[in-house]
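Record features, source Swiss-Prot:
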BINDING   V29, G71, V72, G73, K74, T75, E76, D261, E328, R400  ATP binding site
Amino acid sequence: MKATKTTYKKDPMGLTPSQIVNELNRFIVGQEKAKKAVAIALRNRCRRKRVEGNLRNEIVPKNILMIGSTGVGKTEIARRLAKLTNSPFYKIEATKFTEVGYVGRDVESIIRDLVEIAVNTEKTLAKTKVDIHAREKAIERILDSLVGKTSSSETREKFKEKILNGELDDKEIEISVADTTPVGGGSFEIPGMPGASMGVLNLGDMIGRALGSSKTKTKKMLVKDAMAIIIPEESEKLIDQEKIIQQAINLAENDGIVFIDEIDKIASTGSSGAKNAAISREGVQRDLLPLIEGTTVNTKYGPVKTDHILFIASGAFHIAKPSDLLPELQGRLPIRVELNSLTKDDMIKILLEPETSLIKQYSALIGTEDVRLEFAASAIEKIADYAITVNLEVEDIGARRLHTILENLLEDISFEASEMKGKKITIDDKFVENQLSKIITNLDLAKFVL
């Protein structure tokens with residue numbers, strides 16, 4: 001059944017689990033068990049916030065381990081969940097990390113990056129609230145440059161109206177703006193600090209704070225360009241930076257979602273090659289343990305507790321098994337969800353049902369050239385059939401196979417669309433067969449093309 005956007009009755013605790021699943025159904029086909037698991041995890045966060053007393057701090061999120069091959073919806077479920085709740089969301093591959101003491105990224109950088117995302121989110125929200133005031137101040141600064149600070153109110157009002165109407169957009173003015181040139185070099189990490197605990201330090205930031213951040217320079221630019229630069233400057237002055245940082249840390253601690261992909265790649269197996277590599281992978285797992293269980297990570301914004309951050313780990317587990325992870329790490333990912341491989345029916349639904357389905361995307365793209373692109377039901381079935389065939393014969397990459405097939409299928413149309421204005425193109429099963437049958441039947445070629 002096709003999911004549609006629904007207006008829900010206001011709930012003081014936010015969306016209910018069934019409502020969350022309905023929202024995910026708008027974009028993701030199947031995988032009901034995984035959707036149900038993340039919906040419960042999200043609702044439990046809301047429930048925890050309403051628990052009173054010391055018990056609230058004892059209730060920790062039940063972290064999730066998603067098991068399934070690539071392209072079945074693991075990442076998309078987590079990404080849509082974060083977007084649905086406006087939570088800080090950070091996705092990272094487990095293979096990017098090395099254990100503490102080795103060259104490479106340490107796992108604490110996950111929390112530093114999550115907090116950075118939360119700060120940017122809060123800052124953007126705060127700027128929207130002061131946008132009107134900031135715009136007024138920007139106009140006043142431009143008026144000072146245009147007519148001088150001592151000009152009459154009547155003159156200023158006249159020129160202000162012209163600025164608002166866009167009549168002076170292309171007029172060049174000379175105006176003082178903040179000097180954003182980096183001071184004193186770039187960023188570095190302090191060696192010898194446990195896990196580089198303060199994160200990346202920027203010399204420019206440090207020197208700027210020491211000398212004061214009021215350094216400006218005079219530049220010549222058009223009025224419209226000046227507005228684009230000055231409005232953010234004025235917004236920065238109007239917002240309370242300390243308050244934003246406090247809110248961002250609170251948001252990251254209580255609503256943050258961390259998605260760790262390819263966790264199966266750091267699992268140690270008996271046949272996993274060099275002993276040192278296995279030790280290194282195990283080291284990364286051990287470094288992840290305190291982070292997932294709950295610890296305090298020092299960031300440039302202050303200490304951040306990870307006790308109530310929701311961790312979702314995922315992996316295909318083709319070679320390694322979940323039981324190959326360290327027992328302690330398995331215990332910190334108590335909810336296990338297996339995602340099913342996609343069937344032909346799933347592929348058909350993926351092409352048609354989501355609000356942002358691939359068919360709708362390609363039709364919209366070609367439609368910008370005044371060309372109407374339509375897909376017959378027989379074509380959709382044929383595309384799904386080919387996607388399943390190649391996944392079985394070459395390698396199973398799930399729904400991502402549809403992207404490759406559609407690109408090859410519509411290559412000529414995409415190339416020639418600008419010369420086909422006003423035309424209607426119908427894609428049927430014969431068209432699909434003519435375009436793709438040679439590639440599909442030649443598996444050696446399909447490995448490279450599809």
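From the backbone N, Cα and C atoms, a Cβ is placed for every residue, glycine too.
From a predicted model like this one, the values you see are computed outputs, not experimental measurements.
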Local backbone state of V72 (ATP binding site), from DSSP in three classes: coil
For the binding-site residues V29, V72, the one whose C-beta sees the most other C-beta atoms within 10 angstroms: V72
Cβ neighbours within the same chain of E328 (ATP binding site) - under 8 Å, at least six residues apart: L289
Other CB atoms within 10 A, centred on K74 (ATP binding site): 25
Number of other Cβ atoms within 10 Å of the Cβ of E76 (ATP binding site) across all protein chains: 17
Secondary structure at E328 (ATP binding site), reduced by DSSP to three states: helix
Span of V29, G71, V72, G73, K74, T75, E76, D261, E328, R400 around ATP - largest C-alpha separation, Å: 33
